[in-house]
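Trainee: My questions all concern the structure below.
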Amino acid sequence: MREILHIQGGQCGNQIGSKFWEVVCDEHGIDPTGRYVGTSDLQLERVNVYYNEASCGRFVPRAVLMDLEPGTMDSVRTGPYGQIFRPDNFVFGQSGAGNNWAKGHYTEGAELIDSVLDVVRKEAENCDCLQGFQVCHSLGGGTGSGMGTLLISKIREEYPDRMMLTFSVFPSPKVSDTVVEPYNATLSVHQLVENADECMVLDNEALYDICFRTLKLTTPSFGDLNHLISATMSGVTCCLRFPGQLNSDLRKLAVNLIPFPRLHFFMVGFAPLTSRGSQQYRALTVPELTQQMWDAKNMMCAADPRHGRYLTASAMFRGKMSTKEVDEQMINVQNKNSSYFVEWIPNNVKSSVCDIPPRGLSMASTFIGNSTSIQEMFRRVSEQFTAMFRRKAFLHWYTGEGMDEMEFTEAESNMNDLVSEYQQYQDATADEEGDYEDEDEALHDE
């Protein structure tokens, strides 16, 4: 079986992560004590991807939970599914990172990292054929960003040939938790560009907008936002957990979505999103799902795909539907909006179909797009970074933990390079005489 090892770090990561486990447990019919109470054999067929079966027939998530302070962990433990996790897999410090990337990456986090790696190793040895890791974290704080990226680079050293997928919550443009977010995020992106294979980019403001505009929630809580994220996370991995007509795994996903190794930051979307009140008045159809999932308002990060072009995209449909109809709709989208797709990668939209829909829906779809417009997000963070860094504001918090200004400069230029790479491919045309003539073949159609 192709197992995935789930790691969640920091306050944000632990909250998203525990919500994700609620959704996955529900889909596989596993109750909060780890017992199977489902009704369909399909739920158990590939349950090993995310669960370990213990001797007494209980299912234990392949999850590692880490934080530099005990608070969030305690609330996960007392939460609805808190008892399902292996108690040894909670790894936490006492000091906290205080929203300081350097503390998470170099001082406090570095002291705790070995105990986390021990747990990761133990879980990895429990797998038949480990497919890869998925990490939930935010980039604005200290633990998820600093210690999260430290862990990713350590895992990269130890398991170089396994996929590394991250669900990274970026700081949002208008909603800010802490003033040093741009520093933490830039230092993290610097790491993610080098060490992660696929990053699903999320941000609170876009999620907030979806809750407010589409779901008609007047005062969305973090719980509501995390519910959206967990629906997407469940959708990304449903092909691995259930049988389907067109299957896909983390590596296939990467092969189809990443034309150039550094450009692995994806926008994600989910459909159908309807307000709770109007759900029963709508029949879902494949065209409707397709239309909604390509809608810019549906993207879970604050970048507008209409401002850039799609290098590649992937659509995962769930439920009983005809693959023929799915393919027709996908071709239809590409033909109608051809200007939004780069013409030098033909057939750049991949679709997969999984037979089992999420709880309470007859069909659903998850969208993952590699769009050049994501540079808007990096640009925004980079501008805020430069504004503060020019004055060396708040820098003493980082240098005090032993960091060097040089590292900031490097991270800044790496992020700016990333932005200009996206821009370069946005402007590129198929017939242009350029250095990347032979790179058109980089995306194989399976």
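From the backbone N, Cα and C atoms, a Cβ is placed for every residue, glycine too.
The following feature annotations were taken from Swiss-Prot:
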BINDING   Q11, E69, S138, G142, T143, G144, N204, N226  GTP binding site
BINDING   E69  Mg(2+) binding site
COMPBIAS  417-426  compositional bias 'Polar residues'
COMPBIAS  429-446  compositional bias 'Acidic residues'
REGION    417-446  region 'Disordered'
Trainee: Residues of the same chain, at least six outside the compositional bias 'Polar residues' (417-426), with any C-beta under 8 angstroms of its C-beta?
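Mentor: That would be 189, 193, 259-260, 262-263, 308-309, 311, 342, 372-375, 378-379, 382.
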Trainee: Determine, from DSSP, whether S138 (GTP binding site) sits in helix, strand or coil.
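Mentor: For S138 (GTP binding site) - judged by DSSP and reduced to three states - the answer is strand.
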Trainee: Is it possible to get the count of other C-beta atoms within 10 angstroms of the C-beta of G144 (GTP binding site)?
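Mentor: G144 (GTP binding site): 32 neighbouring Cβ atoms within 10 Å.
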Trainee: Using a 10 angstroms cut-off on Cβ to Cβ distances, just flag whichever of T143, N204 is the loneliest among these binding-site residues.
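Mentor: Minimum Cβ neighbour count within 10 Å, taken over the binding-site residues T143, N204, occurs at N204.
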Trainee: Cβ neighbours within 10 Å, counted over all protein chains: which one of the binding-site residues Q11, S138, N226 has the most?
Mentor: S138
Trainee: Taking every protein chain in this structure into account, which of the binding-site residues E69, G142 has the most other Cβ atoms within 10 Å of its Cβ?
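Mentor: Checking each of E69, G142, the winner is G142.
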